[in-house]
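A.B. asks: Before I ask anything, let me first share the structure, which is written out below as C-alpha cells.
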Amino acid sequence: MACTDNAMRALFLLVLFCIVHGEKEESKGIDAKASGPGGSFDITKLGASGNGKTDSTKAVQEAWASACGGTGKQTILIPKGDFLVGQLNFTGPCKGDVTIQVDGNLLATTDLSQYKEHGNWIEILRVDNLVITGKGNLDGQGPAVWSKNSCTKKYDCKILPNSLVMDFVNNGEVSGVTLLNSKFFHMNMYQCKNMLIKDVTVTAPGDSPNTDGIHMGDSSGITITNTVIGVGDDCISIGPGTSKVNITGVTCGPGHGISIGSLGRYKDEKDVTDINVKDCTLKKTMFGVRIKAYEDAASVLTVSKIHYENIKMEDSANPIFIDMKYCPNKLCTANGASKVTVKDVTFKNITGTSSTPEAISLLCTAKVPCTGATMDDVNVEYSGTNNKTMAICTNAKGSTKGCLKELACF
C-alpha cells in the first residue's frame, strides 16, 4: 500500500512539474512580446529596428493586434529611435483600452506604391478610448513627394496619403506628439466624438501643398488646446456636419488660419454649429479666422452659433474673412450664389495687426446674405503705410460695438 502511495505521489509530482514548467515556458513566450504588466508591447521586441532604414511595419502591426486583442489597459511602446513604417491600419473595436506611447520617431515610407488607393499612413478605425501620447514624432516625410501633388492645378486631383486619420473614434486623446511634414493633411478626424487634442505640435513649411494641420468632419465634441501649428494650408479646418468644437490656446502660423470649410462642394453636407475659438494667436497667416463656402454649392446647409473671442493677429493677412464665393486656385466653373447660410457669428476682442488693408471682409451673397454678425471690440490695424485699415462688407447684416471706426460694417 505504501508503495502504491509513493508511486501515486511521484506521478502527482511529475504532473505538477510538467504543468508548472509549461506555464513558465508560456510565460517566456508572452514576455518576449510584453515589456510590462497588463500588456505593454515594445515594438523592438517584435522585430522593429530603430535605424531609420529597416521596414518595421510588421512589428508595429503585430503590436497593435496584440494590444487591441487584450483586455484591460494595453500599451504599445515606440521607444527612442527612428522607425520606418509603411501603411498602418489600426482597426477595432478593441477588447480593452489602448495607449500608443510615442517616445521615438515613426517615419512614413516615401514609396507611394506601398499605400493603397486613397490610402493613408496611419489609419485608426472604430477604436474607443484610444490615447496617442509622448514626445516623439510622426514624420510623414512629405518633402520627398510634394512635387507629385497636382491639387493646385487639377480640381479632381489624386490625393496623397494623410498622416494620422481617425474614423469613428470616440473618447480619444492625442497629446504631446509632433506631427511633421505630412504628405497631405497631418490629422483628419471623421465621425469622431469627444476627442481631446492637447499639447500637440504640427509643423510643415509654409509653402508645402495641402498640409492642413488638423481637419475634422461630421464630428462632435472636439477640443483642441495648447497646440502650435505651422503648415502650408489651414492650421485647423472644420468640415461639414461638425458641432460642439472648442479651440483654445492655439498658435497658428505659417498657414491659412483657422477655417470653417470649405463647405458645399459635395451633396448632402450637414450643418456646422456651436464652434468656439478663444485665446488664440495667428502669426503672419494668409487668413485669420475664416468661413468659406463654394459658390453655387452642391448642398444647402447652415453655419451658425460661431464665436471667436480674444484672438490676437500678428501681421496676418485677411484677419476676419467670410467668403461665400470660395474658389481655390481659380479652378471652379460655377457662377451662382452659394446655398450656404451663415448666421449668428460673433467676433469679440479681436486685436493686433493686419498685413492687408482689409482687416474685415464679409463677402456674402444677395440671395443668401449673412445675418446676425456681431463685431464687439474688433481693433485690428493695417501695419503697412501705403493704405488705410478698412472693412469690406457685402450682403452682411449685424451690429458693431467698440470697434475702430474704419471697421464699422453695420
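From the backbone N, Cα and C atoms, a Cβ is placed for every residue, glycine too.
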A.B. asks: Mind checking which of Cys403, Cys409 has the disulfide with Cys393 in Swiss-Prot?
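C.D. replies: Looking through Cys403, Cys409, the record in Swiss-Prot gives Cys409 as the partner of Cys393.
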A.B. asks: Taking the Cα atoms as reference points, how far is Asn246 (N-linked glycosylation site) from Asn89 (N-linked glycosylation site) in Å?
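C.D. replies: That comes out at 28 Å between the alpha carbons.
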A.B. asks: Express the distance between the Cα positions of Asn349 (N-linked glycosylation site) and Asp233 (active site, proton donor) as a whole number of Å.
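C.D. replies: Counting only the Cα atoms, the answer is 25 Å.
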A.B. asks: DSSP secondary structure for Asp233 (active site, proton donor), reduced to helix/strand/coil, please.
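C.D. replies: In the DSSP reduction, Asp233 (active site, proton donor) maps to coil.
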A.B. asks: May I ask for the distance between Asn89 (N-linked glycosylation site) and Asp233 (active site, proton donor), taken between their Cα atoms and rounded to an integer number of Å?
C.D. replies: 26
A.B. asks: May I have the DSSP-based helix, strand and coil counts for the residues of the repeat 'PbH1 5' (337-364)?
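C.D. replies: Its residues fall into 0 helix, 21 strand, 7 coil.
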A.B. asks: In Å, rounded, how far does the Cα of Asn387 (N-linked glycosylation site) sit from the Cα of Asp233 (active site, proton donor)?
C.D. replies: 27
A.B. asks: Name the residues of the same chain, 6+ apart in sequence, whose Cβ is under 8 Å from the Cβ of Asp233 (active site, proton donor)?
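C.D. replies: Expected: Pro209, Asn210, Thr211, Asp212, Gly213, Gly255, His256.
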